[in-house]
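Read through the structure below, which is laid out as structure tokens, and then see the notes.
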Amino acid sequence: MVAADKLKKISEDVWEIPTDYKPGMNVPGHIFLSDRLIEGLESGAIDQTANVATLPGIQRYSMAMPDVHIGYGFPIGGVAAFDTETGVISPGGVGFDINCGVRLLRSELMADDVKPHKVDLINALYEAVPSGLGSESKFRVNDAQLAEVFRTGARWAVENGYGVKADLEHCEENGEMKGADPAKVSKKARDRGRPQLGTLGSGNHFLEIQKVEKIYDEAVAKAFGLKEGQVTVMIHCGSRGAGHQICTDYVKTMEQASRKYGIKLYDRQLACAPLSSPEAKDYFAAMAAGANYAWANRQIISHWVREAFSKYYKRDVRMDLVYDVAHNVAKFEEHEVDGVKKALCVHRKGATRAFAPGRSEVPVAYRDVGQPVIIPGSMGSASYVLAGTQRGMELTFGSTCHGAGRVMSRSAALKDIRGNEVKRQLLERGIVVKAPKDAAIAEEAPEVYKEIDEVIAVVDGLGISKKVARLVPIAVAKG
DNA sequence: ATGTAC
């Protein structure tokens, strides 16, 4: 394929974009792909990875995970870390769905016992959690409450009866990113966010009842509380209209800031500001608020999932949170660069933090085995639980992939694929899908995504995170 | 991803 010809294979599954690929690159690009996956690599994704390398203060490499595809400015699947003194922050490096992410609940139930009830259970979940484009929540928060949600995230939800304290210990950032400032969130973003807290959204967002099909690492799986045959529930959603509006607002701010600070942009969508500037500080405070909204959202949804299971079984069904990860966020972290520890602003857009054993950010319960990494597959395919590694700290600033990665656009999928047909095929495989309309199923059909097993094989093979468990769907509720 | 528009 033509796209791959521009890249230099420097080791197994590591492809370099040399700095002479295009003018202005400060560092090379690194794309992690198998020989098979590289055949489907979009040349636009290479260009975007190279464009990110032109931004001021970028450290080591502009990186793309094996699920990379074209996004707004930065590629989805992109990881870029910036020096806090010379670097920048960019809304395009976080994405429109701020803290789109995923969490995994482990249940005490076994798949063989749950399967006969899957239709009733998925209907119950579908009823319990509003979903779809523009969907509104079953409850309302006022302005003061919304400000607390922006400031304290999942903690607001737990303190108001949605979940237990232990949930917070098992969330990235404890579900509460520091530095969030509701005053930096526009009225428009607040107005969009207020009625949507406690909703799933649409697109690739879903609620899924799963079975732990295979364990790859018994010791780590045990630490994560996972065993074969067990039922888990995965929740994939983000910050809804609130995060989207925050991004929209700050893209405009950053376009002005880029001019003001004389940053040469090779693509307008890379709009950014120096990390030391007031514009950067405002964006970070608003982005953190958006991230907290998403954590509160997943926390509230978790509570409704627990309620639905307990109501169905007419007893208290225990469902502990394994972990909750962000897929779209920028964070300040300490990393070693050329043997020196440095404070960096790490942008992960369609990428997951995957911290090694020993890092203080990893919850005490998992500190010896590494951070749990939750990777959702496409509808009808497997999902994975991995663990962060030291190799990942060295190669990717402690990052790994976030999912399968699209290969077909939504519009193309709608044209070529019939949702009810996909639904029928999944049912033949024993997987029940519940969605507001068939078109939503067509857009997310398994064939519009890369093979998740192949993507996971790359990150596991490179050692930037390691496989712990494979989960397969029993029933899916989609937005 | 997203009230598929400034």
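Keep in mind that glycine also has a Cβ here, set from the backbone N, Cα and C atoms.
Look at TrEMBL and you will find A:173-197 tagged as region 'Disordered'. Per DSSP, the region 'Disordered' (A:173-197) is made up of 16 helix, 0 strand, 9 coil.
Within its own chain, A:Leu207 (GMP binding site) has A:Leu125, A:Tyr126, A:Val129, A:Ser131, A:Leu200, A:Val233, A:Met234, A:Ile235, A:His236, A:Ile301, A:Val305, A:Val476, A:Ala477 as residues 6 or more apart in sequence whose C-beta sits under 8 angstroms from its own. Residues or ranges marked as GMP binding site in TrEMBL: A:204-208, A:327-328, A:376-379, A:Ser383, A:402-405, A:Lys478.
For A:His236 (Mn(2+) 2 binding site), other Cβ atoms within 10 Å of its Cβ number 25. The Mn(2+) 2 binding site annotation in TrEMBL covers A:His236, A:His327.
Every protein chain considered, the tally of other Cβ atoms within 10 Å of the Cβ of A:His402 (GMP binding site) stands at 27. Following the DSSP three-state reduction, the secondary structure of A:His402 (GMP binding site) is coil. The active site, GMP-histidine intermediate annotation in TrEMBL covers A:His402.
Within 10 Å of A:His327 (Mn(2+) 2 binding site), counting CA to CA, the binding-site residues A:Asn204, A:His402, A:Gly405 contribute A:His402. Cβ neighbour count for A:His327 (Mn(2+) 2 binding site) (all protein chains, 10 Å cutoff from its Cβ): 27.
Taking Cβ-Cβ distances under 8 Å and a sequence gap of 6 or more within the same chain, the neighbours of A:Asn204 (GMP binding site) are A:His236, A:Pro376, A:Ser378, A:Met379, A:Gly403, A:Glu444. Residue with the densest Cβ environment among the binding-site residues A:Asn328, A:Ser378: A:Asn328, by other Cβ atoms within 10 Å. For A:Gly405 (GMP binding site), the Cβ neighbour count at a 10 Å cut-off comes to 24, with all displayed protein chains included.
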